[in-house]
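I have placed the structure first, in the form of C-alpha cells, so that the comments after it can refer back to it.
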DNA sequence: TTGTGTGCAAAAATTTTGCAGGTCA
DNA sequence: TGACCTGCAAAATTTTTGCACACAA
C-alpha cells in the first residue's frame, strides 16, 4: 500500500486496512475495528486504531460518517464512484443501506451558481422506512 | 408553548427554547446553550440542558445535526419549509451556511422507486470552498 | 541509527444517570 | 398532593495524550 506518502508501513496499519477491505459495506467505528482485531487473535492498542483511522482519513483512504449513535464511523473511500455518501437510514429497524444514485450533481451545480460555493464533496442521509419494515406493516 | 403534549412547562424549558429562537441561524451544542444561559445571569444545570434538548428532539421541536467536531448540535425545526437540512460546510474556514434549495425531491422519488425505501426526511451536507475563501485566494 | 509508530494508562471531553429535593397542575 | 422536573455529583462513554519502548527505513 502507498504509505509512501511519508508514512511508514506497519503491521498494525496493514491489519486495519485489511479489516476495512473485508468489511467494505459496513460502517465501522474504532471500537468495532478493535473488536474484530481482538477476535482474530492479534492485538492492537485501541489508541493505535484511533490514530490510524484518523491518519487514513487525512490521506483520503477512508471517509468519516456519523449516524448520531454517539460514535464516529469510517468507510473505505472506493474512488471508483466519484464522490458519494448516500445512506438510507431506516428509522424503524435502524438498518443502514447505501445508494449509488448520484443525482446531487444538479443540486451542486445550482449551489455553485446561487451561493458561489464550490462543492467538492457531499454527504447525504435519508431517513425513512425501508422495504422490509414497510412490508412487515402490511 | 405547546408543552401540552403531556409535558410540563417549566422556566428551564422556556429559557432554553428562547435561546434557540434567539439563535435561529446558529447550530448550538448543549454546551453552547449552557454557556449562553450562564452569561444571562440565570443558571440551569447542564444535565437539564441535555435532557431538554433530547426532549425537544423527540417532540420534533429541534433537529439533531453533527458536523464531526465531536459534539451534537441542534437547530430549530422551522416547519415553514417542509423537511430540509442542507448545510454548506467550508473546508477552509469552517463556516456553515444554510441552503434553502430543495432539489432532493426528485432524488427521494427515485430512491422510493429503486429501493422501495420511503423517505420521510433527509440531511445533506456539502463540503467545499465558500465564496469568501474563494475570493481570498485570488 | 533515528525518527516514527505503538502500547499503556492516565486524562480529557462529552453525555448519561441516580437520587434527593423542588415545582407545576 | 403527586407525578414530573431539576441539580448535583458520580458514572459511563468515547476519544486524546504523554511517555517509554519498539520498529521500519
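Glycine is no exception: its Cβ is also placed from the backbone N, Cα and C atoms.
Taken from TrEMBL, the feature Fe cation binding site applies to A:84, A:105, A:122. The number of other Cβ atoms within 10 Å of the Cβ belonging to residue A:105 (Fe cation binding site), over all protein chains shown, comes to 12.
Summarising the annotation, TrEMBL assigns Zn(2+) binding site to A:90, A:93, A:130, A:133. The secondary structure of residue A:93 (Zn(2+) binding site), as reduced to three states from DSSP, is coil rather than helix or strand.
Highlighted in sequence order, A:91, A:92, A:94, A:95, A:129, A:131, A:132, A:134 have their Cβ within 8 Å of the centre of the Cβ atoms of A:90, A:93, A:130, A:133, the residues recorded for Zn(2+), and are not part of that set.
Among the binding-site residues listed here, namely A:93, A:130, A:133, A:130 has its C-alpha nearest to that of residue A:105 (Fe cation binding site). Proximity to chain B (Cβ-Cβ under 8 A) holds for none of the binding-site residues A:93, A:105, A:133. Sequence-distant contacts of residue A:130 (Zn(2+) binding site), defined as residues of its own chain at least six apart whose C-beta falls under 8 angstroms from its C-beta, comprise A:88, A:90, A:92, A:93, A:95, A:97.
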